[in-house]
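First up is the structure itself, then whatever we jot down about it.
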Amino acid sequence: MPPDSRAEPWSVIETGSLREEAQLVARLIDEAGLDAEARARITAAGADLVRRIRSGAKPGLMEVFLAQYGLSTEEGIALMCLAEALLRVPDAETMDALIEDKIAPSDWNRHLGKSASSLVNASTWALMLTGKVLEDREPGIAGHLRAAVKRLGEPVIRSAVARAMKEMGRQFVLGETIDAAMTRARELESKGYTYSYDMLGEAARTEADARRYHLAYSRAITAIAAACTSRDIRENPGISVKLSALHPRYEVAKRERVMAELVPRVRALAGLAKAAGLGFNIDAEEADRLALSLQVIEEVLKDPSLAGWDGFGVVVQAYGRRAGAVIDWLYATAQRLDRRIMVRLVKGAYWDAEVKRAQVLGLASFPVFTRKQSTDVSYIANARKLLGMTDRIYPQFATHNAHTVAAVLEMAPDTTAFEFQRLHGMGERLHDIVLTDRATRCRIYAPVGAHRDLLAYLVRRLLENGANSSFVNQIVDEDVAPETVAACPLTAMEGLRPVESPAIPPAPQLFGRRQNSRGHDLTDSADLAGIEAARTPHRTANFEARPILAEGLAGGARAEIRNPATGERVGHVLPATAPDIEAALHHALPWEAALEERAEVLRRAADLYEAESGAIFALLARESGKTLADAVGELREAVDFLRYYAAEAKPAQPRGLFACISPWNFPLAIFTGQIAAALVTGNAVLAKPAEQTPLIAAFATSLLHRAGVPRTALQLLPGEGASVGAALTRDPRVKGVVFTGSTDTALTIRRAMADHLDAGAPLIAETGGLNAMMVDSTALPEQAVRDILASAFQSAGQRCSALRCLYVQEDVAHTVQEMLFGAMDELTLGDPWDLATDIGPAIDAEAQADIHAYIEAARGEGRVLKQLKTPASGHFIPPTVIRVGGIKDMPREIFGPVLHIATFKATQLDAVIDAVNATGYGLTFGLHSRIDDRVQRIVERLCVGNTYVNRNQIGAVVATRVVLPWSTCAIMAMLRSSIGGLSLVLSEVGAALQEKPRKH
């Protein structure tokens, strides 16, 4: 069941993710309730704390390190990369390459002696000397001697840097095991501190991961129980739990499964914590899972066995625009269930990821504040809110900020009703003062786990505290006045306009004068409800496709179109006949309107596409088997194409009549992009959609006509390639052909054009490819596996850019393969209409049979390593992994969810690149590596259009990642140049555009 709808704050939680920032900040300033005198007292108290911090004991090593090597320095970034990757690299060769890559190029000399910490200075000396050895490239005898020193010294350097990284890890991690952490904690416990232990480890990718994390939490709770000696749970240590670590598909689309599987796991851990007498905090994670997390929390909290326990806790992130609503809901829930709970208020740990996600998804705004001061305002306002709820909530204020501490103390004279918290290794002096002067409880949030698991925790801490403007950085900078460090954020925001940071444009403004396509958040219940309401009327509708000619409609014998997933009837098509084709050729006329008028019509068409999203989403699911996520992406791409060509076109002489022959795998986006590119320059178009997907093409054509495209300029000719396509590519009235499809078909078209069309008639063809990805031993396996899954299996592998051959360095092959297979087990195949479906069907029975035959042949050779099951009906292909020696073993592209996997030695990087280049394809390539020099070298040697580094290799965005295709994969080298984008194409059709945007 969803949370109690009677709780008014829940509506804000569900619908208020993107609340208007300026109004919200103004309201929070009012809710903080601090007049000018109170603000002055707080600033003075905060400044006094800063002076005492600076005059007292030396700051912690972590704070000094962040001040010296923050994210504002290349050296800081290099050290973070080194710390993140080195300890998991198993082979010496890659370890040496990583060390050289991160240390040699950096200017350590400028940091030498600058830190107040002798340990940081000593580390700088070591890194500088190591860098000098590694970077020296002098010729002659001296150079050879130094090279020999380098060779002889590599094991020593390797060992020294590894020890340094472990020491760095020790500053961030309390202990590698819970027992070691508890032993180390005793020193500060004796001074009055308590601890909350955080078991390092991020989101589970597999069920095995989730079970392992659950076991680790259980064992930790059992161990911590021994230290829970007080009857007052606030005096005892606690533990923090990440829900994402306990379920491999902790996401909104899998809500039913999450509630059935995750809730019992959390309930069991909570029961152990209650029995042990310790605090049990649910950590906050990304905003898109906020509502789901609260649903899990309520289901656990309402369990009768937890009645009378005050130790259940929830973390709230003040940078979120819904933070206040979450606190209100938690308070109302605690009242309704008769519970007392803990609430830890933090600033927030995923800010960069939240901003990026909102921009990528095309959302209207952000779920977080765009200025640090706004987050500080939110923190103070919500601290006041929590202090007024102490009958049901025990507030836990996690902060290292002197102003924030002073504000809380100003608002709460009774220091027994709450506690302060800090991170292990940070804020030590500040909390020592508070603990001593005000007898306020102070708790240390301490990560526990192997140093190799440090990555995500380390990155979040750096993003929070590594910026120049952060309190942690300023507190150790004596040049910043105490009053500046402790300045009041409420006063700052009152005088700041605009409230929203102009440096962080929301998605609609990302492309300047060109409006970005509207996105959808498929984790937002209000957005999902809107989509469902818009597409449901079209779920059982019957659609029709027939020739749409300059003069009337026509068509031949009627044929049914059926849903490839369910077999249900979607509509019917009346294919173009020979007389229809002739009529279209005869009546086609160039679009003679002024350029700006043509551009405006395309912009209107883009608006119509978005307005008709319900029908489009329904058609894409029912006719072409698109999941909702893929359908949203395809609509956005089509809209982006229309607006891109409208914005970029320049006056030019049209070439004449173009035949646009589009594929079934992107039946709206590519269909629209081909047409828009030709129309905006004044050409006439005869559009021939794929025979499998004529319905969506007919619907799109109707929208283009409604927008104002003349019927003489755009006519639709559905039908088979052997009839309609062949006729168009053999008629001399056609002055050019745009084609997306197989290489063999492109060659056939080229031959026909050579025999029948003008000698200068261009063929613009994007064809298939054998796309590869390389994963070396510095890659983070969890990240690589996530990107492999998306690249190989999203859209059922039916993308031109999809991953076909995965190369994994043999040193980590077992780890990556085991995680990949486990993550595959979590995928759901089914009706793409359902939000929970990950993978839809193949397009038709012919494609299904062809790929099944290929898989069975590989099985007969003993090369099938992994295969999932498929639904009993529908044209489904099981995601499959097949072992190969390399890309040379793949005679052709298998256009479906089939991944080939090969291994390579660290010394074989160049050989892998040679093999990829030798295929004659070159559309996309993926690379997972933390070695910058290696990345640069590989990118320079690859003959591919797009290389994607440490991300998936699908879903490029129009006009932001331009494929410059190589060899046979895209532009068909039969033109005058073997390489090119739409610059070549549109010079032929009369437009002076720069490049063809691609994103498949």
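Note that the numbers count up from 1, one per residue, in the order the chain is shown.
From the backbone N, Cα and C atoms, a Cβ is placed for every residue, glycine too.
According to TrEMBL, the protein carries these features:
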{"type": "ACT_SITE", "residues": "Glu766", "note": "active site"}
{"type": "ACT_SITE", "residues": "Cys800", "note": "active site"}
{"type": "DOMAIN", "residues": "18-54", "note": "domain 'Proline utilization A proline dehydrogenase N-terminal'"}
{"type": "DOMAIN", "residues": "62-172", "note": "domain 'Proline dehydrogenase PutA'"}
{"type": "DOMAIN", "residues": "182-474", "note": "domain 'Proline dehydrogenase'"}
{"type": "DOMAIN", "residues": "558-957", "note": "domain 'Aldehyde dehydrogenase'"}
Note to self: Within the domain 'Proline utilization A proline dehydrogenase N-terminal' (18-54), what mean pLDDT does the predicted structure show?
What the structure shows: 96
Check: What are the DSSP helix, strand and coil residue counts for the domain 'Proline utilization A proline dehydrogenase N-terminal' (18-54)?
Finding: 31 helix, 0 strand, 6 coil
Next item on the list: Mind checking which of Glu766, Cys800 has the fewest other CB atoms within 10 A of its CB? They're the active-site residues.
Entry: Glu766
Check: For Cys800 (active site) and Glu766 (active site), what Cα-Cα distance in Å is obtained after rounding to a whole number?
Finding: 9
